[in-house]
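Notes follow once the structure below has been shown.
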Amino acid sequence: MTFRQFAFNNVLRNKRTYAAYFLSSAFSVMVFFVYAIFAFHPDIAGGKFNPNIATGLHFAEGLIYVFSFFFVLYSMSAFLKTRKKEFGLMVMLGMTNTQLRLMVFLENVLIGFGATISGIGLGLILAKVMLLSAENLLDLEETLPFYLPGKALALTFAAFLVLFVVISMFTVVILRGHKLIDLIKGSAMPKKEPKSSLLLSIFSALLLGAGYAIALSVKGTMVVVAMIPVTMMVIVGTYFLFTQLSVYAINKSRNKRSFFWRKTNMLFLSDLAYRMKDNARTFFMVSILSTVAFAAIGSLVGFKTMSTNLLLKENLFALEYTSYSGPDAQAKRDVETIQNALQADNFDYRMLQSVMIEQKADNSDKSIFIVKASEFNEIAAAAGEQPVQLKDGESMLIYYMNELMGKNATNAYPVSLAGNGIELKPVGSQSSHAYPMYTDYYVVADELYGKLAQADMKTRAFYLFDVPNLKATKNVGKTLDEKFAKGDNRFMSVAYNLSIMNQAYGVVFFIGLFIGAVFFVASGSFLYFRLYADMPDDKRKFSAITKLGLTDRELSGILTKQLLILFFVPIAVAFVHGAVALTSMQNMFGYSLMKTSLTVLGTFVLIQLIYFLSIRVRYIKQVRA
Amino acid sequence: MTEMLSVRQLNKIYGGKVPSRALTDINLSIGDGEFVGIMGPSGSGKTTLLNLVAAIDAPTTGEVLINGKNPHKLKKSELARFRRRELGFVFQDFNLLNTLTVEENIVLPLTLEGERVRTMEEKVTEIAKKLGIESILKKRTYEISGGQAQRTAIARAMIHSPKFLFADEPTGNLDSKSAKDVMEILTAINRSERTAMMLVTHDAVAASYCHRVIFIKDGQLFNEIHCGDSRQAFFQKIIDVLSLLGGNAHDLSTIRV
């Protein structure tokens, strides 16, 4: 048996001990790789989508790399800790320090290599499954097709090669300075009592309180100004919440005997203080990352709902055709094409038309648009809007308004027209989405319109097609849109535009959801691995307490409560942070993001709940065994 | 004297690829208020016996009755309750919880039982006084000595006034002074509370505090000796049996005779 064979067999014949380390390494490789597949996707990198998406993905990839580094490092040090006794034995049998390090190094390289290969393999499968499910669940047409991810492969391989080599170097640091006696005894020394500072705890509560108060009270554009200081305050506050405030609260509860000495509280809480302190940094990282994911996804869903609603509210007719050169031959041809297309597909439709005069104002270069009251009323009635009542010589100002803009109504203002010197004095103003017009225009009485209209005037012609079954016109819309895309005139199909928007949001949404889900699963696994490392201690402790008399129900009760806190405290914090952030953003847009974002947060909680339940069963079983 | 513990025809065979017989046909009985030691060479089955009697492990055949109840026939949750109400345990490595203070460790069985805080406080004060550990009640387990730790463990085992106390090598990790203290405390409790005790030990000095010592060899009862008037003479008798068990007894006794 050569030394290399020894190191090799040590891993292969000891699979159980190495399994946890191997799996957690493979898991980080997998996550990183799947991300890389998306980030380097030719459709994303090729500018088919917003270039910010690719940048965002690469940034997330960097975060994951840092996360993986600590994850693997922690897994490894926990793994080495459980093997201290074995190392002690080897040193006792005469293994030199160099040989010991070489052995650990070789093992690490072996495990790292295996983990990278299997992580990439699993990642390929996962990516394919995810792309498929995205296609089916989100109803995407222009999905990201599966491709052979050469760049992603190379990056993952190189990144993790470096990671495992660097981490193997760390083993030297971890193993250095251990006396033989410490190695043989293992980690027998009990941990010191977790300490916390009252001052920092108060500081944390103040920062969080103030941050929330500011975020919830500012309105409008001030939100942007307040965003950075509030974010900083909340981040620092959250850090101390986990490292100080939580531990302080638990320690304080010790003095309240009627609470601390009740039933299993004592066992549950005394451990929790240690667990909180040990995991504080993980908690902090997870809750901040989750908050970002929550807020990003929440606002994304919000935006999507908002723009869909806006589109449907403003465009009341299935197809709209606007000729900027008036009712000329080109317009007539196009309208005929539209009618033929609608008839060919057996659509029940009604065409409404209107000619708008464009004139200059007397004292400025401003264009004044004027339509006939009878035409306007017909269209407004079809759109379900209020018609105007005008007597001869009267006019009415129509303005455009949407929910994103302020809620202030535009006041009617008079205007005198160039050329004929007629002055329009509107009797009032009202908002309307009946015409696809985004500037102010005037509706004038038919009699007055007759006076204004002259043969050589510049005009616009509107052709609006009212189809009762609006959503079904997507395909007709698409064909026509492609036909008219090159022309000067405006054509718009609501159903087709809606589907384009859904596609674009769907992809971004899918990536966002995926990023969030991965962070949750990764943090859950991180916690689980820490639990796993502490399990021998837990097992010893609970077997002793069982001898004193602890029922199975009490045991699983204690463990469940602990796991519940470990799993859901970061999410709960992120939930509150995210809710505040979304409320604040809502103040900025003046649009409610609550319902949609709650759905998103609920989904995440559900994922975490499933993960928690599966881990709980396993953990309790293992502690009892 | 009523019977506290009765063991009838107890057998234990460890399964696996090579089954091994750990205990064969053990019969014994411990009376109310009796302090009984179990001794024997390594591998003789002392600890197995203790584990079976305390229902930590299940026997292959045979019956154990503690205060008339068979703990192996109880449901798991009933067994847990039976333990924390009627049994006390003292271990070689103390088994105190590092995350709790000395005081909290002591009241643990009572908190599990849902006792009132006032009662718990009274009981802690009383037992701490008896065991001389009042001054360390607020300390953490890593701040106290081995002797203090074992006294804490005894306090934890006794705080609910159990009917039966099991001690597994309680002096195994202690220096001779602490060991003496611990044995004297156990004797005092045995006398004042009339708690029946079963002590598994290697240590002849510790065993000499018992009323009666039962010797086991290769999983079978070997001998049983009673303490007379003198602890010194009892100690000598224990040593004699031990050397007999060790195999060189005849050499020793011929020399002595």
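Cβ coordinates come from backbone N, Cα and C, glycine included.
Record features, source TrEMBL:
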DOMAIN    A:63-177  domain 'ABC3 transporter permease C-terminal'
TRANSMEM  A:20-42  transmembrane segment
TRANSMEM  A:62-81  transmembrane segment
TRANSMEM  A:102-132  transmembrane segment
TRANSMEM  A:152-175  transmembrane segment
TRANSMEM  A:196-218  transmembrane segment
TRANSMEM  A:224-250  transmembrane segment
TRANSMEM  A:283-303  transmembrane segment
TRANSMEM  A:504-531  transmembrane segment
TRANSMEM  A:563-585  transmembrane segment
TRANSMEM  A:597-615  transmembrane segment
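Secondary structure by DSSP for the domain 'ABC3 transporter permease C-terminal' (A:63-177): 96 helix, 0 strand, 19 coil. Of the two recorded stretches, the transmembrane segment (A:152-175) does not lie close to the transmembrane segment (A:597-615), with fewer than three CB pairs under 8 Å once pairs fewer than 6 apart in sequence are set aside.
Confidence in the domain 'ABC3 transporter permease C-terminal' (A:63-177), given as mean pLDDT, stands at 80.
Only sequence-distant pairs (6 or more apart) were considered; of these, at least three Cβ pairs between the transmembrane segment (A:224-250) and the transmembrane segment (A:563-585) are under 8 A, so the stretches are in contact.
Same-chain residues lying 6 or more positions outside the transmembrane segment (A:563-585) and placing a CB less than 8 Å from one of its CB atoms are 212, 215-216, 218, 223, 226, 230, 234, 238, 241, 246, 272, 275, 279, 282-283, 286-288, 290-291, 293-295, 298-299, 302, 520, 523-524, 527, 531, 593-594, 597, 601, 604-605, 608, 611-612, 615-616, 619.
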